[in-house]
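Report on one structure; see the data block that follows.
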């Protein structure tokens with residue numbers, strides 16, 4: 001074998017300026033997500049990368065796209081190191097390793113987009129078509145591949161721009177991702193035209209197409225924002241206990257934990273009657289079914305306050321000879337009876353279970369202490385007597401298909417209970433809430449959110465955050481929402497737009513691998 005032919009990639013073949021441009025794209029993309037959440041940057045973030053990739057070999061474009069992905073996702077997901085080091089009690093070098101592996105995996109997506117875009121350009125496929133289709137197609141694929149990780153989809157950068165995000169009730173978040181990707185291509189064409197000093201550098205047709213799509217999107221948004229919410233009024237009281245993660249599961253602290261939630265619940269309901277009291281994920285740090293002393297106190301509290309209550313607590317049930325452990329929420333009636341339970345369906349990999357544990361038994365030894373939870377078996381809309389609710393536990397709120405399923409099952413209010421204490425005072429809680437805003441708009445139902453350490457919030461069916469609490473403070477949040485009708489194109493037909501982009505991306509990829517025509521050689 002001729003080992004002289006085995007060479008490392010020639011990174012020097014790409015000018016340093018182009019690498020800096022790729023890094024700049026990643027930095028701009030990271031800054032567009034919360035926090036700091038400078039959302040306009042998303043509309044220009046890819047222009048430096050596209051300029052760097054111009055007329056380059058597709059393999060070099062792949063490297064540049066990978067560099068952009070590394071810079072972007074390292075900036076967005078840096079908080080992974082906080083979770084692993086501070087709460088996982090693992091050495092910092094392990095946390096950096098975990099972050100590096102995740103970021104490297106995610107960076108493959110923009111790398112593949114850059115590669116296919118350049119191959120497509122060499123075969124006459126317009127960037128105006130290929131880039132938005134490939135970006136959205138792969139972004140949608142990322143939501144399902146390798147357990148699914150739809151965190152930081154491009155459209156989420158615009159969660160506070162209400163006129164823009166109303167289109168999500170038709171296209172989901174992916175419609176905005178498509179529009180942002182398209183805008184970046186148009187900007188790139190304008191810059192390239194002026195830089196090349198072409199006689200007619202202004203891409204008139206591209207600009208007109210973009211402006212028409214933007215105007216239609218914004219006009220639709222303003223129209224939807226002026227449609228009054230017609231559902232029945234429903235009062236909620238949300239409790240933020242601010243229980244320190246380091247003592248949360250300490251049995252000696254259970255009494256104080258329950259007392260904190262009792263005190264805050266009475267404070268919330270003293271401000272006025274409530275139809276639903278909501279405690280966060282695992283607010284009751286014990287098995288609600290198997291701890292009569294504290295469970296009876298919580299049931300008594302619901303009777304005292306004359307309200308339905310959602311209480312986050314682990315649960316268990318028999319599955320043949322073994323016990324299944326579940327991350328659950330119990331619904332209590334105003335009479336203190338348990339009238340429903342919702343179990344978490346989409347578990348956190350390496351947080352609540354170990355993927356492929358049976359095939360890779362050695363992994364369990366490497367991650368000792370990881371929870372051994374089982375996923376819930378069914379989507380259940382729980383009836384409060386005044387309206388049905390769908391409960392999303394923890395990061396289930398980032399999966400559009402779960403919220404859609406709960407609403408299709410009859411839920412008229414989505415309730416997200418979570419414990420974001422793991423994230424510390426990082427960007428992660430803000431990124432988390434930005435995604436739940438879209439679940440309300442997509443399904444045209446309000447969403448209320450109770451988080452152990454924040455951000456607790458009330459979001460109406462238009463995506464307007466009507467109230468939110470600060471991080472790491474005890475807090476109560478009272479408010480009134482209008483129960484949704486759950487009638488939207490997205491709720492009825494799902495990710496039709498995203499699937500159309502997947503199909504378009506597949507066609508682009510197929511054409512990109514065809515033999516070059518003589519005209520383009």
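Just so it is clear, glycine is given a Cβ too, placed from its N, Cα and C backbone atoms.
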167-187, 230-250 - the range that Swiss-Prot marks as transmembrane segment:
167-187
Can you dig out which of the ranges 64-84, 253-273 Swiss-Prot describes as transmembrane segment?
64-84
Other than its own, how many Cβ atoms are within 10 Å of the Cβ belonging to residue 344 (active site)?
27
The transmembrane segment (64-84) and the transmembrane segment (125-145): do they have three or more Cβ pairs under 8 Å, with pairs 6 or more apart in sequence?
no
Between residue 394 (active site, nucleophile) and residue 344 (active site), what is the CA-CA distance rounded to a whole number of Å?
8
Under a Cβ pair cut-off of under 8 Å, which of the recorded stretches 27-47, 93-113, 167-187, 493-513 contacts the transmembrane segment (64-84) most often?
93-113
Listed stretch, out of 93-113, 167-187, 493-513, that has the most CB pairs under 8 angstroms to the transmembrane segment (27-47):
167-187
With an 8 Å cut-off on Cβ pairs and a sequence gap of 6 or more, do the transmembrane segment (167-187) and the transmembrane segment (93-113) reach 3 or more such pairs?
no
